[in-house]
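Features reported for this protein in TrEMBL:
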- His26, His28, Glu171, Asp300: divalent metal cation 1 binding site (BINDING)
- Glu171, His203, His232: divalent metal cation 2 binding site (BINDING)
Amino acid sequence: MPEQSGKVQTVLGLIEPGQLGRTMTHEHLTMTFECSHVPPAPGDEGLAAAPIEMKHLHWLQQNPYSHSENLLLNQEIEAVKEELLCYRKAGGGSIVENTTTGITRNLPVLRKLAKETGVHIIAGAGYYVDVTHSDETRKMTVEKVCLTDIIVSEVLHGADGTDIRCGVIGEIGTSWPITESEKKVLRATAHAQTQLGCPVIIHPGRNKAAPGEAIRILQEAGGNISKTVMSHLDRTLFDQQELLEFAKMGSYLEYDLFGTEMLNYPFNLDVDMPSDSQRVQALAFLIREGYEDRILIAHDIHTKHRLTKYGGHGFSHILKNIVPKMLSRGITQNQVEKILIENPKQWLTFK
Ligand SMILES: CC(=O)NCCS(=O)(=O)O
């Protein structure tokens, strides 16, 4: 039985699950997102290259992926540290940092932030979506000193040449359709999870069939779906019946784009990105349908403009603004605590 059994693994070491407190299960504290750059609309090239300023904020909120500098969250370590101190003051305890190989994971920075702020930080093992896979990753097989072993080693011994250990596998990136290289990573994730008994978190492609397909691949490879989170449901599954069909598969159901309100979602123009009020309605619906033990929430901050330094909502938005909204829409204090404390605790504790 690995030493992690019954514990949560943070970048500073193992902790008791009860120490987690309120937990955002899907955030990024340092990463780059150049892989998702969207060329600006004709005529917007000047705005896309201008320094971030108040007068451009609305444009940036509507076009966050067309501004190259906005995609470099890794330049904002001091601002993120200030945000984490505010998050603690607002009652936050822990953050799952979902940056994996391909979007510039930086474990020493995470360790420094954890030490300096007192926030428990849990780091992610594994790989982001196909466009970020290296030739080496593509050539690797699932077994035999390859993908599975690398992921296991990132959890048991440390990642990126450090002794800093990851406490979850993911976010594991998948596109739509899921590519061959991504399928291999999913199978390796399931095999690593079987060895470790650890939590897993998946980034689905931007199609309503994507979450179910990713779960099927994990399941067929022996993954433990009850210890797996499906991220980004707020931009992926809209129809209530389809959501319930997916929920029956047994994963955690994560609404993790709180604070993101945009008219045109550039990665899938067919999607109407919900508002925060609509996200709260989705949570209330899932609770009424009996899924309160499976819900997780977060902001998935991954660009500069969402930091308070740039006029954004920051890491405390859920605790300060969304929780009161949940309570005002009939979600009870007990259910809120379940979503913020108990469900993350159950998910993050190694078997
Ligand atoms: C970092 C990351 O993958 N964020 C998700 C962005 S998306 O628009 O919901 O796919």
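Each Cβ is built from the backbone N, Cα and C atoms, and glycine gets one as well.
Keep in mind that this is a model prediction, so the values were computed, not measured.
Glu171 (divalent metal cation 1 binding site) falls within a strand when secondary structure is assigned with DSSP. Cβ atoms within 8 Å of the centroid of the Cβ atoms of Glu171, His203, His232 (the divalent metal cation 2 site) belong to the same-chain residues His26, Asn98, Gly170, Ile172, Gly173, Ile201, Ile202, Pro204, Ser231, Asp256, Asp300, site residues excluded. Between His28 (divalent metal cation 1 binding site) and His232 (divalent metal cation 2 binding site), the C-alpha separation comes to 14 Å. With respect to their backbone Cα atoms, His232 (divalent metal cation 2 binding site) and Asp300 (divalent metal cation 1 binding site) stand 9 Å from each other.
Each residue in Glu27, Val96, Glu97, Asn98, Thr99, His203, Ser231, Asp256, Ala298, Ile301, His302 lies on the same chain as His26, His28, Glu171, Asp300 and has a C-beta within 8 Å of the C-beta centroid of that divalent metal cation 1 site, without being one of the site residues. Counting only residues at least six positions away in the same chain, the Cβ atoms of Asn98, Tyr128, Val129, Gly170, Glu171, Ile172, Gly173, Thr174, Ser231, His232 sit under 8 Å from the Cβ of His203 (divalent metal cation 2 binding site). Within its own chain, Asp300 (divalent metal cation 1 binding site) has His26, Glu27, His28, Asn98, Ser231, His232, Asp256, Leu257, Thr260 as residues 6 or more apart in sequence whose C-beta sits under 8 angstroms from its own. Its own atom aside, the Cβ of His26 (divalent metal cation 1 binding site) has 28 Cβ atoms within 10 angstroms in the protein chains shown.
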